[in-house]
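Going by TrEMBL, these are the annotated features:
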- His87: active site (ACT_SITE)
- Glu145: active site (ACT_SITE)
- His149: active site (ACT_SITE)
- 270-297: region 'Disordered' (REGION)
- 281-296: compositional bias 'Low complexity' (COMPBIAS)
- 298-415: domain 'RNase T2-like C-terminal' (DOMAIN)
Amino acid sequence: MPSVRSLSGFAVSALGNAQSVLSLNSPFARQTSSSASATCPDPQLSCHNTSVVENLCCFNSPGGSLLQTQFWDTDPVVGPSDSWTIHGLWPDNCDGSYDANCDDSRAYTNITAILNAAGRSDLVDYMQTYWQSNSGSAETFWEHEWSKHGTCISTLDPDCYTDYQPTEEVPDFFNRTVSLFKSLPTYEWLKEAGITPSSSATYTAAEIQDALSSNRGGHEVYLGCYSGNILDEVWYFFNIAGSLQNGDFKPADPLADSSCPSTGIRYLPKNGGDGGGGGSNPTSTATSTAAPTATGEPFSGPGYLNVVTGGSKEGCIISAGTWYTSGTCATFDATSSGDGAFTLTSSKGNCAISDGALTCGSSVSSGTTFSSDGSRLVYNGEDTFYADGVPSGTKQGTVYTNDSSHDTSLTIQWQTR
């Protein structure tokens, strides 16, 4: 599950079959629905069971690894200058893969109204400051996070509620995400270790990991960087004993390798934004980061091929030459062939355009010669490629060089390793 899964650009496409559901007369006098959700005596810890657990209202499965993900956006600035902001709460599978958009019938498009009707205007107010998108409205961002990730959390299934009313599970998701975020003050933890935003200073991954892991029992985090070495994401991994609503979140080790280098990491200041934090508020989310740019010379030596569509970074090209939005990004080697041209190879073999599609493998006897426009990959003078939609979960997408019946356009951008 690479950092490129993140969606900081948030030119979020319209949600298929999205619902605008709200019964203002439904029993939201409960205020929060946790009192009406399943009771879970002696629950097992997710991802640690030794036998099949049948009651998925008390055991998160398959998404038993919960990630509270955070952003540090500096261009444009998002959120207070002394706080990280919320990206989301993601239910990843115990092997690091993940499912997405699990229930189109609950892809609600009125999150603000749902929370207000549940008596959680305080939550909306907090989210307006600490859960913002760097492109587009906060409401659209919240709808995206709920639809993509919230609908895949088994303990939030409507069957887990007594006398379920539509949207009853939504306040639970946002309330738990915010409460976790408040318990993870990334900015303050880094500051206590002498790691503060700077236009000139650099830090090591070990320094950042030590500052954060020392506050969560030695468990490290995922560190996400763009442009090679600019820190902009932290993912905190948890397993849960019980339901998301009422369960005990236990810190866990990351299931993904950080995308930041071991040294030379930059933690840029937010040149703007209002101060924040204090009290119980944090002074500290992708995917999904802003479109990447390369550091050093693009397409030279080892690097990653990030996919950008709709202005957002959405996964990467893996070793077979296919597009993937989960798992680990493959390393490609770019070898100059003169005059700005180059070839690409992965662990599978040479890469080429064959029958109008990108492929890499041992069967490719001679690699295609590519060129670049800055950090963008170019083939036959064109830097736009195409696919049949954005792949999700474990699906891989074929990347084509023409738009014939392929409705998703994308660019492939180099990130130096």
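A Cβ is built for glycine as well, from the same backbone N, Cα and C atoms used for every other residue.
Secondary structure by DSSP for the domain 'RNase T2-like C-terminal' (298-415): 0 helix, 63 strand, 55 coil. Long-range neighbours of His149 (active site) (same chain, six or more residues apart, CB within less than 8 Å of its CB): Gly88, Leu89, Trp90, Pro91, Ala100.
Secondary structure from DSSP puts His87 (active site) in a beta strand. Per-residue pLDDT, averaged along the domain 'RNase T2-like C-terminal' (298-415), amounts to 89 for this model.
A gap of 8 Å separates the Cα atoms of His87 (active site) and Glu145 (active site). Counting only same-chain residues six or more apart in sequence, the Cβ atoms lying under 8 angstroms from the Cβ of Glu145 (active site) belong to His87, Gly88, Leu89. Counted within 10 Å of its Cβ, the other Cβ atoms near His87 (active site) come to 31, all protein chains included.
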